[in-house]
Each structure stands twice: as structure tokens, then as C-alpha cells.
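Q: The following block contains the structure, expressed as C-alpha cells.
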Amino acid sequence: MAELSIPDLPPAHCSGRFTISTLLPPLPCMEEGDRGPYAPTEGSGCDSAQPTHLSSSTLCTRTFGYNTVDVVPAYEHYANSKGVGDPRKGRPSLADLHSILKPDPGRFRTPVSDLQQSNGLPEAGPEAGLEEAEGEPGRASVPEPVRFGWVKGVMIRCMLNIWGVILYLRLPWITAQAGIALTWLIILMSVTVTTITGLSISAISTNGKVKSGSGTYFLISRSLGPELGGSIGLIFAFANAVAVAMHTVGFAETVRDLLQEHNSLIVDPTNDIRIIGVITVTVLLGISLAGMEWEAKAQILFFLVILVSFINYLVGTVIPATAEKQAKGFFSYRADIFAQNFVPNWRGPEGSFFGLFSIFFPSATGILAGANISGDLKDPAVAIPKGTLMAIFWTTVSYLVLSATIGACVVRDASGSLNDSVAVGSPGCEGLACSYGWNFTACAQRQSCRYGLSNYYQSMSMVSGFGPLITAGIFGATLSSALACLVSAPKVFQCLCKDQLYPLIGFFGKGYGRNSEPIRGYMLTYVIAIGFILIAELNAIAPIISNFFLCSYALINFSCFHASITNSPGWRPSFRYYSKWAALFGAAVSVVIMFLLTWWAALIAFGIVVFLLGYVLYKKPDVNWGSSMQASSYNMALNYSVGLSEVDEHIKNYRQEQLIACLVLTGPPNFRPALVDFVGTFTKNLSLMLCGNVLIGPRKQKMPESRLMADGHTKWLMKRKIKAFYTDVVAEDLRSGVQMLIQAAGLGKMRPNILVLGYKRNWRTASPQSLEDYVGILHDAFDFKYGVCLMRMKEGLNVSRVLQAHVDPTALASEQQASTIFQSE
């Protein structure tokens, strides 16, 4: 590359990055030997002894090991260089950047402390900090909110939510009904849906900053937009509230069984569940209101209890069975028991594959527990993917191991009576237990057996080495899952309330304390949970939750697919291990499973989504979240516009596409409403209409006005129900501005071919130059193959003399609009 001739300049002060301070002479307070943190090392700086075009100018710098010709962008302008306790620096204006090289010594003079901070230097000394602190005696330090890592905040929370009531109280029973093979299929089907959803959540959550306490609702709404995001957020919050009831009923059922074994029922089996459930959810509410820190400590305690109960169960499976356990159907590991329990044995009204799937699936729905408190995580973009996927893996392993081990140890039917022991090979004895010296034939035939996998929900407690530890594990799993749902539901609902998408719910969005706890949301969740606790039947509550969670998962996967397929510039997740086609598959599978489980419940869920979607579409809330729906609209418009260029003209379409496509010189549209309405009468909202405005004056003076008012004029047209575009140009005079509009307006074949303008009423008194420009515009239109339409009204077109000059676009859009004769039929 040829050398550039550069005049002699003072020696360079290269500091590794080009900043404003490199343009300043050395400050008096800085010694010649002072070096900043980015000062070049010996031999790496600009060599002033041999000046070149790279080293003889103050614009030279060594950046990332390379000499650069162009000016290096100032790092402080584009990065958050604010240190802890430093004041936030504003970005420079365009005027500052335009004049950065102008010789104005006093322009960029800043205090020494500011220069030191901008260059990463320490303050003048500890005394400065002390003086500043003494100068603000009333200023109190703001306490930092509680933040969690990926293990404590996501993985443990998700695992506790997944390890719920179904694990202890229904998985052995499902294994007896469906057999080990189909139980594994149910588990793997559920995990397939949740894993794909976990990958989608990981992609969405790493695509930007997640708002505090918003979780799943925030992820969906900011990806899909308020229409689908709002409806699914409401459904998901409701599903979590019902899940509180499900896990609480599981806990109450276990306590009821313990009371029943000791003949200590409070009232009767059903009402005991209701009484215990209401008391339990009230205690959990108190723990939640105590704050996130107390809630997290309770979760850790529950997690340890569950791990101990697992170990206790696995130890119990290898301990030789006592006579009492054998009477209840436990015979340690036996190949023939495994073989018999490998195939299904359907019983009762729930005895079908999808009936059992609907009962089991809620046990896999805790994967969003970490995402639901994303605002309370230290780094949501790292914690959510890592913690969620690890939780799915370990809980899946535990489900598969539990199903296989208990299916290899316990027969389906047992009486529990020690009197049913017989000699091996006794006549009249039927069933697998006969080969182990037990005759359960009588109760099996009458279907009155109280024990065995098919009849006894507490089989894990019976198998374990120490039964009370399993009971403690049930308490830990049910209470932890209920607590996690009790925390998640109000936080999701709080964020929904703050967005104000739906009426009458803003009351529940108020937060209290340093973590903005939604106390009113807690109370609403508490009331919903009590309503479902009164059902007091676990198998009836679980299918309700399954449909709502499947609906949520379908929308999450669809939002990931939609954001990927639209190629939105804002879709750049740092988590790469996802597939848009896998997300689409997960969404489709979720919808199919919803209808296979309970078709009427699926229709109700979709009906609610459609109703809420229609409401938001009708109300059109004033939000702009940069969703994939907006990106999709842009892509569709672009594709259709490009595709229109390939369509040959035809007489049937000539009127709409070619004959009537108007460029209307309205100036500000609200100044000439009659001209706008007149053109609207023959475009009929079916043809192209552009309202053009020429701003006459210096570009620097008029460009801010152009940016400020364009949105207001567009909203004015929308309020008037005129389908038209607004565009403006800045020019030195009217004629040159109209020439710009005539040549540049339109897109592809969607270009105007008729110029519409008002008649010049003051032609008698106007200046010769004004008349020449006006007549020249008419000639220019003919030269550019435009048709010309002149409109004249007796009272004139311009009503600006009776309007206030609005600078605020909102005021412009909300002003009372003038009525014209062309608005009537």
C-alpha cells in the first residue's frame, strides 16, 4: 500500500484504545512517566523516531496487535465502562462526534477524576471517597436482593418440582398397571416433550436479558408478542396454582394414610384430606411470604431429605424380605416378578395408556421452576440452560430406576395377612407368589387385596429399609413442589399484571419489599389452591394440570420455532444446542397428546387461549417488544413485495395495481384533511396512497422535526381510518423536494403513478419564484410519466390556520380531527 503524505504532527500518545483523552495534551497533574493501564509496553508503542502514516498522528493507535489506518471507535462510547460506584456516563451526541477533531481546546476538558475513571485509573486517594461519603450523610446503602446460582436456583428447584407427589404415590401403581415396558415408554414420552421444551427455553432465555421475576411469561411474550404471550402467561400461572393443590393433596393423602393405620382419623378419609390440605397450604403461604431466602433454605432441606429417602429405598430393595413384607408382596429382586410386571395389566377406569400418561405427566412439568424466578438468578443466561437440562437428566434416571427396581421386587396383588403363607407347590394356589410360599389367590379373585403394586400406593415405604424415611421423602417432595409452584405462580402473574394486557388484574401486580414480592398474587394463588384442594382426589386433579402444562409447552416450542424460522435479527441465542424443527415437533406432539388425554379439556384450554388472544388483538395494547410476530410480518410483506415484481400485469388487476396509485402532496396530512379524504374515496383502501411532505430548510434543522413528527402523522392517518403511508423529505425548495418524492416513492411495482396536489389559490399575489416552482412541479410529473390530479375547493384545502402547531406526536394523533364532505357516503 502506498505511503500517505501526512504533515508533521506532535508525537503520538497511544494508549491501546482510541479515546477522547488521546486527543488532549498531557494534563499538568500527570507526570511524564505516568502510565495508564492500557499504555503500550516497551517496543509496542508508536515509533516516533521513524514517523509513518501510522505513527506520526494522534489518530494512530495499536489495537489488538494491529496498526490501523482508520480512527478506532472510542471504547467508552459503545461499552458499559461504568465501574462500581461510578456515575453513569452519557453517550456523546452527533454534534460531539462531528466536531471531535475540530481545534477547540476547551470543548472536551473534563475533570482529572473523570479522565482517570475513563482510563481505568484509581481515584485520587481514599480521602476523596471519605469526603464524598461525608458530604452525603443521609444517603443509606441500598441492600442487594438475593440472587442464586445455577445449582441452588435452577437445578435443585427443578428437581424438587419434578420429584413431586407422583414419584412416591403413583409411579409404583402406574408400573403395575402399564408394566415396566410401557411405564418406561410413558416416562420417555414425557421426557421427550420436556427435553425439547427445555432446549427451547434455554435458547429463548439466552437471547437477551430476562426481566426480574417474570420467567416463562416474559420469555414467551417477548418472543411471540402480547397476543399469545399474554394468554399463555395467564394459563401457566393458573396451572401452577392448581399444581399447588395437587402436591398438597398428595401430602394430605399420605398423612391421612398414617392416621388411618393408627385408627386416628379426624372425620373421615375424604374430609381429612381437605382439612390437612388447607392447613398445609396455609403454612406454605407463610414460608413464601417470609421471603426468597427462607424459601431457598427450605428447598435445600427438602432436597437432602429426598436424597436420603432414595438411598433408603435402594438399600431396602437388596435387604432380604421379612415375613411381614412378604405378606404385602415384597420378595426382593426376582427375575420372574420382573417378567410378570414387564407387561401391562390394566385395571379400573384409569386403566389405559393415555389415562396413565395424563396422571404421570405432571411429574415431568417442573422444568420451568428455575425460569419462573429468572429475575432472582445471578446469571439467567447460564443458569437456566445448565440447571434445567441437568435436572431433566437426573430425574429421568431416577424415574427409570424406580420403575425397574420396584417392578422386579413386588407382585401386583397381596393380602398383607401372615395367615396366607403356604407350603411351596400347594394345590389350589394361583399366582406368582405361590412359588414363594404365599397364597393370595382368594383376594386376587375377589379384587379385594389391600397390598401389592396395583393396590397399595405406599409401596415404596413398604419396600424401603426404614419406612419413616420414605414418609419424610414424600413430605419433602410434595411440600417442596407445592412451595415451588406457590412461588412461581404469583411471580408470573405479577409480570402479567404489570404489562396491563388485561383489565381488572392490575391490583395483584403490586410488589412489596426489596425483592418486590407479589403478596396479593400469593393470596390469589392461595384461594385458587384451596378451591382445588377441596376436590380431595389426586387422580382427578392431575389430568387438569396436564392439559394446561402441555398447552404452555406447545407455545414455548412454537415461539422458539417461530423466532428461528423468521430469521429475526434479534434472534441470536448463545445456547446453540437446539433445533427449530425439534421445537416444531415438540409443539405438535404436545398438541396431539392434549387431545389424546382429554379431548374436552384440550378444547377448553384452546378456547381460553383463543378468547384471550382475540381480546388482545381487539384492544391492541400499546407495547412494542420486538417479537417474532413483528419479524414475521416484515418477512411476509417483503416476500409479497418481491413476488409482485414477478407478476405480469393483467387487465383484471390493472385498476388496483396500476391506474390508481397516488402520491398526494398533503404536507402534514392534518393540514389538508379534505385532500386526504378525497383521494381515499377512490383508492377505497385497496390501492397505494402516499402522503408526501416537503420540509424546506437546512437539513440539520429539519431532520429532528422529520423524525419526531413522522410517527404522529402515521397515527393520525390510522385514527382517520385511511390506509396510507406517510413520507417526508428535507430539501432546499419545494420543487426539488417533490422531485425527490416522485423519483424515490414506492417499492418495486408498488409505486405511485398519479400526483395529487391542491390548486394554488394565491397565484395572483404569490412571488414569481413560487409560481415557477408550482408550474415546474406539474411539468416534472409529466416528465416522470405521472398523471396529475388538481383539486380545488371554494373554501380552500389548508386548515392549518385553525390548528395548533403540535410538536408532540402523541398530541398530534389525539387532536380533534376536522370533518370534510368526503367522509360522508
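Just so you know, glycine gets a Cβ as well, placed from its N, Cα and C.
Keep in mind that this is a model prediction, so the values were computed, not measured.
Just lifted these from TrEMBL, have a look:
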- 31-50: region 'Disordered' (REGION)
- 56-106: domain 'Amino acid permease N-terminal' (DOMAIN)
- 80-139: region 'Disordered' (REGION)
- 149-169: transmembrane segment (TRANSMEM)
- 153-658: domain 'Amino acid permease/ SLC12A' (DOMAIN)
- 181-204: transmembrane segment (TRANSMEM)
- 232-252: transmembrane segment (TRANSMEM)
- 273-292: transmembrane segment (TRANSMEM)
- 298-319: transmembrane segment (TRANSMEM)
- 353-371: transmembrane segment (TRANSMEM)
- 391-411: transmembrane segment (TRANSMEM)
- 466-489: transmembrane segment (TRANSMEM)
- 519-536: transmembrane segment (TRANSMEM)
- 548-565: transmembrane segment (TRANSMEM)
- 585-618: transmembrane segment (TRANSMEM)
- 672-816: domain 'SLC12A transporter C-terminal' (DOMAIN)
Q: What is the three-state DSSP composition of the domain 'SLC12A transporter C-terminal' (672-816), stated as helix, strand and coil residue counts?
A: 68 helix, 28 strand, 49 coil
Q: Would the transmembrane segment (232-252) and the transmembrane segment (585-618) count as touching if the test is at least 3 Cβ pairs under 8 Å, pairs 6 or more apart?
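A: Touching, yes - the transmembrane segment (232-252) and the transmembrane segment (585-618) meet the threshold of 3 or more Cβ pairs under 8 Å.
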Q: Taking a Cβ cut-off under 8 Å, which residues six or more beyond the ends of the transmembrane segment (391-411) line up next to it in the same chain?
A: 154-156, 158-159, 162-163, 167, 171-172, 174-176, 179-180, 183-184, 187, 191, 194-195, 198, 310, 313-314, 317, 329-335, 337-338, 340-342, 363-364, 366-367, 370, 431-433, 440, 452-453, 459-460, 462-463
Q: State, in range form, which of 149-169, 181-204, 273-292, 548-565 has the highest count of Cβ pairs under 8 Å to the transmembrane segment (519-536).
A: 273-292
Q: Who are the chain neighbours of the transmembrane segment (353-371) in space, where the CB to CB distance is under 8 Å and they lie at least 6 residues beyond its ends?
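A: Here the qualifying positions are 153-155, 157-167, 170-171, 174, 177-178, 182, 186-187, 189-191, 193-194, 197-198, 201, 205, 210, 215-216, 219, 236, 243, 246, 377, 380, 383-384, 387-388, 391-392, 395, 399, 481, 484-485, 488, 539, 542-543, 545-546, 549-550, 552, 593, 596-598.
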Q: With an 8 Å cut-off on Cβ pairs and a sequence gap of 6 or more, do the transmembrane segment (298-319) and the transmembrane segment (149-169) reach 3 or more such pairs?
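A: Per Cβ check, the transmembrane segment (298-319) touches the transmembrane segment (149-169).
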Q: Test the contact criterion for the transmembrane segment (466-489) and the transmembrane segment (273-292): 3 or more CB pairs under 8 Å, pairs 6 or more apart in sequence, then answer yes or no.
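A: These two stretches do touch.
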Q: Give the nonlocal contacts of the transmembrane segment (273-292) in its own chain as ranges (CB under 8 Å, at least six residues past its ends).
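A: Result: 146, 244-245, 248-249, 251-253, 255-256, 266-267, 298, 373, 376, 479, 482-483, 486-487, 513, 515, 517, 519, 522, 526, 529-530, 533-534, 536.
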Q: What same-chain residues lie close to the transmembrane segment (181-204): Cβ under 8 Å, and 6 or more beyond its ends?
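A: Cβ under 8 Å, 6 or more out: 171, 174-175, 216, 219-220, 223, 342-344, 353, 356-357, 360-361, 363-365, 367-368, 371, 384-385, 388-389, 392, 396, 399-400, 403-404, 407, 550, 553, 556-557, 559-561, 563, 573, 575, 577-579, 582-583, 585-586, 589-590, 593.
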